[in-house]
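Reviewing the structure listed below.
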Amino acid sequence: MNKAELIDVLTTKMGTDRRQATAAVENVVDTIVRAVHKGDSVTITGFGVFEQRRRAARVARNPRTGETVKVKPTSVPAFRPGAQFKAVISGAQKLPADGPAVKRGVTAGPAKKAAKKAPAKKAAAKKTATKAAAKKAPAKKAATKAPAKKAATKAPAKKAATKAPAKKAATKAPAKKAAAKAPAKKAATKAPAKKAAAKKAPAKKGRR
């Protein structure tokens, strides 16, 4: 909406001619600009505050050349929207179909109610979180206790396991001794066989 469109809307709402609506808009704007220029603030309840803000000296950069430029301290106009204006735009407050969009005294009710309701929900969330933590703590204690019992039962099993290999080793020792004996007997039986072969050789020589 531009200035001309704003004047048209005011002409219809005020039920007056265009000249009077134009004068009303221009006078309002002129008054705000002059007051802010002086350093004063213009407050419209429910709508917002027009004020002057002071900016300190700073260092900026030229976007074209990339050079560093020193900016002197300056004053800029600023607008702070009111609580009721914010509530209407955000949807927290319903915009009335008829009458003024913002009224004096309407802001305090919904804004305070919403502010009080939020901490209540936060406190409830904290309460449930502490309850959950309290329930969770015994579960952890029980979990740590269970492995302790398991370890206690496991200890005798290890002792038995170490005994078993000892018996096995004891039985294995005679087996090796027997194995060593066996080749000795074989060697003993093999020796006469060679002797017999030596005796047989001279017999062949005599026949020739």
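Placement of Cβ uses the backbone N, Cα and C atoms for every residue, glycine included.
Per Swiss-Prot, the feature region 'Bacterial histone-like domain' maps to 1-90.
Here Swiss-Prot flags Lys3 (among others) as N6-methyllysine. In this view, Lys3 (N6-methyllysine) is surrounded by 11 other Cβ atoms within 10 Å of its Cβ, with every protein chain counted. Look at Lys3 (N6-methyllysine): DSSP puts it in a helix.
Swiss-Prot lists Lys3 (among others) with the feature N6-acetyllysine, giving similarity to another entry as the kind of evidence.
What Swiss-Prot lists as N6-acetyllysine is Lys3 (among others).
Of all Cβ atoms in the shown protein chains, 8 besides its own fall within 10 Å of the Cβ of Lys72 (N6-acetyllysine). Residues annotated as N6-acetyllysine in Swiss-Prot, with experimental evidence given as evidence: Lys72 (among others).
Residue density at Lys86 (N6-methyllysine): 15 other Cβ atoms are found within 10 A of its Cβ, drawing on all protein chains shown. Residues or ranges marked as N6-methyllysine in Swiss-Prot: Lys86 (among others).
Marked as region 'C-terminus, required for nucleoid localization' by Swiss-Prot on the basis of experimental evidence: 92-208.
Taken from Swiss-Prot, the feature N6-acetyllysine covers Lys94 (among others). On its own chain, Lys94 (N6-acetyllysine) has no residue at least 6 apart in sequence with a Cβ closer than 8 Å to its own Cβ.
The region 'Disordered' annotation in Swiss-Prot covers 96-208.
Within the same chain, the residues at least 6 positions away from Lys103 (N6-acetyllysine) whose Cβ sits under 8 Å from its Cβ are Gly46, Gln84, listed in sequence order. Look at Swiss-Prot and you will find Lys103 (among others) tagged as N6-acetyllysine, backed by experimental evidence.
DSSP assigns Lys103 (N6-acetyllysine) to coil in the three-state reduction, outside any helix or strand. Feature annotation from Swiss-Prot assigns N6-methyllysine to Lys103 (among others); the stated evidence is experimental evidence.
Sequence annotations record features per position, and here Swiss-Prot assigns compositional bias 'Basic residues' to 113-208.
Under the heading N6-acetyllysine, Swiss-Prot lists Lys116 (among others).
Annotated N6-acetyllysine per Swiss-Prot: Lys136 (among others), in sequence order.
Annotation source Swiss-Prot lists N6-acetyllysine at Lys149 (among others), citing similarity to another entry.
Positions annotated as N6-acetyllysine by Swiss-Prot, on the basis of similarity to another entry: Lys168 (among others).
The predicted model assigns the region 'C-terminus, required for nucleoid localization' (92-208) a mean pLDDT of 48. In the three-state DSSP scheme, Lys94 (N6-acetyllysine) is classed as coil. Look at Lys86 (N6-methyllysine): DSSP puts it in a helix.
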